[in-house]
Structures are given as C-alpha cells and as structure tokens.
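This report refers to the structure that appears directly beneath it.
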Amino acid sequence: SLSSPTCTSLSHSHCFFPLLSSTLSFFPFVLISIQKPTPSGFQTNEYADAQLQEIVRKMRERATVYKEKLKDPVLSSPEGSPTKEDAEAKPEEDHYCDMLCCKFKKPPLKKYMEHLHLPDSIDSYTDRRYVAWLMLVTVAYNWNCWFIPLRFVFPYQTPSNTIYWFTMDILCDICYLCDLLIFQPRVQFLRGGDIISDRVEMKKFYHSSMKFRLDVISVLPFDILYFFFGFNPAFRANRMLKHNTFFEFNDRLEAILDKAYIYRVIRTTGYLLFILHINACLYYWASDYEGLGSTRWVYDGKGNMYLRCYYWAVRTLITIGGLPEPQTLFEIVFQLLNFFLGVFVFSSLIGQMRDVIGAATAGQNYYRSCMDNTVSYMNTYSIPRVVQNRVRTWYEYTWDSQGMLDESELLEQMPTKMQLAIAIDVNFAIVNKVDLFKGCDTQMIYDMLLRLKSIVYLPGDFVCKKGEIGREMYIIKQGEVQVLGGPDGKKVLVTLRAGAVFGEISLLAAGGGNRRTADVVAHGFANLFILDKKTLNEILLHYPDSEKLLMKKAKVLLKTKGKPPPGPPVQQPRGLASLFGQKQETPKLFKAMVGGKGKEGLAKLLQLKRQQDTQNKPEREEKKPVEPAAPSAPPAQKEEPNTGAKPKPAVMHRGTSNESLIISMSPSPRAGEGEILKVEVKEKNRK
C-alpha cells in the first residue's frame, strides 16, 4: 500500500523516490488512518500524501539554497542560529526518550550526582562532611565487627529473623560501596609537598594504595554462598578488613574536637569492651564444643547466655578469681590462654588510659605545681597572709579566665605566621581602635601584636602611680580601671573600660617628660596588654613613616594631656609684660612715707630729689654760708607703725639745703612684711 501513494504523489519527481521511501520508514504510525477507495481501485492516505508533498517542497528549497551557496560562498548558512529559548529547551529535550508512541523523562546519572552536591575533591583535614561520612562508614564497620562473631557463635540468628539481619547487612554493604566508588577516589593527597586535587590523579593514587586493595576485598560478595551453605555469618568475615577507615575517622575526629581526650577515653573503653565481647563469644564456643552443662567449668545453658558468658569473660581477663576450675585438657589450655591474654591486654589498656588521662590533665597539673611552689616559697620567707591570699587569687583567676598562666609559652611553639594569625584574630580588633595607632603601617601594627604582653591585675592593684617613671603603655583587654586625683588622691576622675588606652604620654615623651601624671587603679579584675618603650623603638626602626606620624601625635598629646592639673585661675599678663615675672607688691612702709601708691609716690620722691640738687648747685658756686633750713623730709621712724592705724603721709617741704637725701631698702625682720624703705638726710661736707 506504500507504493501507490508514493508513485501518485511523486510522478513528476522520480529522482526523489529512494529518499522518500527511506523517509516513510520513520513514520509507520501515520499510515494508520481511515482509508478511502479511489475510482482507479487504489487506496491512498490523504494525510500522508500532504505530508510527503510538504517534504518535497522543503527539499527543493534547500537544494536551491545550496546551489546558490556554491556559486557565492559568502552567503550564510540556510539554517538559522539557535535562539536563547532553544538553548534552554535543548537540555530538557535531551532528557526525554521516545518509545513507540510515548515519551518519558530519563534524567542522566550526572543529574543525580549534582543533586548530592559532591565536591570534585575532598580535603580530608578540614572538610566536616567527609568526617560525617567516615562516621557513617565506621558505624557500618562496628556493626560487622560486633555482630558477625555474635551471630556466628550464639544462636541469635534464626530463620524467622534472618530477613532483618540480611537487611542490615545490605545497608552496610551499600555504605562500603559508596565509600569505595564515590568518596575515596575524591580525597586529596600530598606529593612532594604539593596538594594534588586533579580527579584523574586522585583516582590513580587511591587505586595504587593498599587501602584500595583492602576495601575491594571487604566488599567481595561472598554472601552468594548463602544459596549453597545457608545463611552463615562467617561468609561476611571479610567485612572486618575495612579497619583503615575506622582509624582514619578517629584521627580526623580528634583533630576537630575541642576536648579530644574525652573521645580518647571513650575509644579506649570501647576497645576493652570489644575484647571482652570476643572473649565471651569464645567462651560460649568452647562451652558448646565441650557440651553445655557437661562440666562445672563450661556454661550450663541457664539464664541469658550472652550476659552469663560476658560475666565469665570479665572475671577471667581481669583475673578476679572465684571461677570453677577447668577439668579437661581443652579447658585447661583455654583458661591458660585467657590468663595470658588478659595480662597482656589489660597492661596495654591501663598504660594507654594512663597516657590519655595524663595528657588531659597536664595543664592542670602544671598550674597546681606552680601554685604549690609559690606558696611554699612564701611560707619559707614568712610572707604576710594578706599578700599570700592575693597571690592565690591571682593564680586562680588567671587559670579560670584563660586556661593557662602565660599565653606566650603556648604561642612560642608555633611558627611566626601562625602566631600572627592567632594574634590578629584575638587582639587586632582591640588595638585597631586605638587612636594613637590610626594611620600607621598595618604591618607595624602586626609586629606590635606579637610583642604585646597580657597581665592580670587584682581589684585595688595600682597599675601605675603618679610621679613614677613610665616605660609602658597599657591597653585594656578586659575589665575596668579608674584614674584617681583630687586633693587627697582618692577622687575618681575617669573610669576606663575595654579598648581604652592610657600611659601613651610616658611612652612617647622624651627629655624627662615620662613621669606618670595620675594614679591608675584596677576597679575589678583587669586584663591589660602592655607595650614597653624599648619594644616600640625596636619596631619603629623598620617603619620610619609610622615613627614620624607617632611623633606628631605625641606632640599633640603632650600639649593636651601633658599639662599639670589646673589650679585656681590666675590672670595672665598680656603683651610685652608677659615676658617678665609677676610684679611684687609695694612695701607698706614705703607707701606710708611717700604718701602715694605704687609708681606715683616713687615718681614724686625722685622729682623732689632732682629739684634739691638743682638748687644746691648755685649755692656751692657762691660759697656763701647760709643757715640750715628745715629738713626736707622728716627722719624715718625706727619703729614700725601699727598695722591697724593708718599711717600719716610724709610732708615734703621745698627749699634749699646743704643736706643730702639717702634712700635705702632693707629686709623686714618679720616674715611676710617684705622690705623696709629707709630715708636718711646727711649734711654735706663743705670744702
């Protein structure tokens, strides 16, 4: 029936007959439709005829385009470029498969792997997901180690519960296979100090290791022997060879735990329990071999068989005694081997437990030893009880707050880069807030972080005292300090908290300006960072720009903070008068005799003396005797006038005289009176 419509529709194009015949072979289902008889007696399908004509038309158009392209190769391809929508739809279409007349979605294996979000490579030292997977494999390994001997010896596996045991075995085998095929080939490894993360190289490295061989042996399906010999757990003994994963999990878990010694104690206890478990299984096997209840030494078959055998194993390995004596040769040999094994096992486990507990309490023992030695020293030299109590308090608080007495001892064991990384995480946030170091080189701050020393002060301890030489700067890490002042030195001026800085003036001052200007006392328990002047100078040798910046800030700090505490306000002189000292007060006697105040009285006295000298000059030239006139000024009183009575001003008489005026100053015999002005009149010597 295919030849008739083909010949009818392609009577004018015989050259395309082979092509269309092959095309029709892909559409067998389109011919299944309603057939209509034709007048010529042939049956045709109208739908198939229309489709074939459409195909012929498109083929002719495509042939024409290719002919033109052969003539002009510049023309672009007749096939359109794929659009964005087509590109997005293409991966979705690839997931579908055509089967007869239906389509169904078939996601590839890569799609399932993407949903798991598995990394291309695994860092076994830092990836927590890998540690979680190892824990799952370890659980499967312990299931096999504990229950394979139990099921082999004790009659706990019965035909009624075999399906449950078999299900758990299948789950454990799936964990083994996933670890073998997916996780282990992705684990990174070191080669010549380089971390290899290439997928092909990691797979080759794993396949060439002994671990891979043991993993392959551990998953060999010896379980198929169940069909020939029955469900015997002994065929799964190869599952116990995956011990490398168990020990790897222990190492990785200890590396990420904060208190790894707790897990070490649990693991050592697990080793002991497992050895006792194996011994209990051996005892039941020996009892079954000899016959249950056949002698007093073997298990009599009463009570819980596992607990009774486990109790016997504990008493035998620990050599407690009190057990029935073995009767037969087999029992004697078995008992002797148990004793030898018990001595060896328990000596090893006790030594291991001692090492674990010793490592866990090493820090506590060191702290206790230091404190005991200090107390013994103080008792030897009869240190007062108050001081001893403060020393004990410092030890206890320092240990409780930071878990060690000196942080530098722990960091000294690490490389410098590691020390810097820890110091940046712990202390950089505090030091970076200090205004004094803002703008300095970051590397200089890093070097300074490595030199900071942490010291704990008790409540009431003086961090620094006023007037002492300052050689350190303090940064408050934790707690509070109080700056004291006032007339009695006990008034709290300022309370400084975490992140504050004090003592930087003494650290940066030069030329004798490095004395403390106030008392600083710890309010409670205060943890401070200390940076001494010598260390800062050693650091600044390598950072000259930071040194210049700190010197500029030091000058500003010395101007603002380095002044003495303000006293009562004093009016400062202005102008040129500020170059001279403060003017002393005019003596009281001088004021009384002159009759004026300050400069005015002194000016009058000097003017009178000049007038007398001018009048006496012509008299000496004439050399005429004259009668003595009244003295120009009365003699000074020898007795000091009363402070309560107002002194009378001296009266100055004008006239000529042959007497000379002598003015002198002498200190007062009484304290606080200043100086006394004396005025004497002497007669001139005549020639």
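Residue numbers in this text run from 1 along the chain shown.
Cβ coordinates are placed from backbone N, Cα and C, and glycine is handled just like the others.
Nobody curates TrEMBL annotations by hand; they come from automatic prediction.
Feature transmembrane segment, per TrEMBL, maps to range 16-34 of the set 16-34, 168-186. Over the domain 'Cyclic nucleotide-binding' (436-540) the predicted model carries a mean pLDDT of 84.
When Cβ-Cβ distances below 8 Å are used as the criterion, the transmembrane segment (261-285) is approached by residues 145-146, 149-150, 152-154, 250, 253-254, 299, 305-306, 309-310, 312-314, 316-317, 334, 338, 341, 345, 349, 352-353, 356-357, 359-360 of the same chain, each at least six residues removed from its ends. Proximity of distant same-chain residues to the transmembrane segment (329-350), defined by a Cβ-Cβ separation under 8 Å and at least 6 residues beyond the stretch ends, is recorded for 268, 271-272, 275, 279, 282, 286, 289-290, 295, 297-298, 316-319. Helix first, then strand, then coil: DSSP counts for the domain 'Cyclic nucleotide-binding' (436-540) stand at 25 helix, 41 strand, 39 coil.
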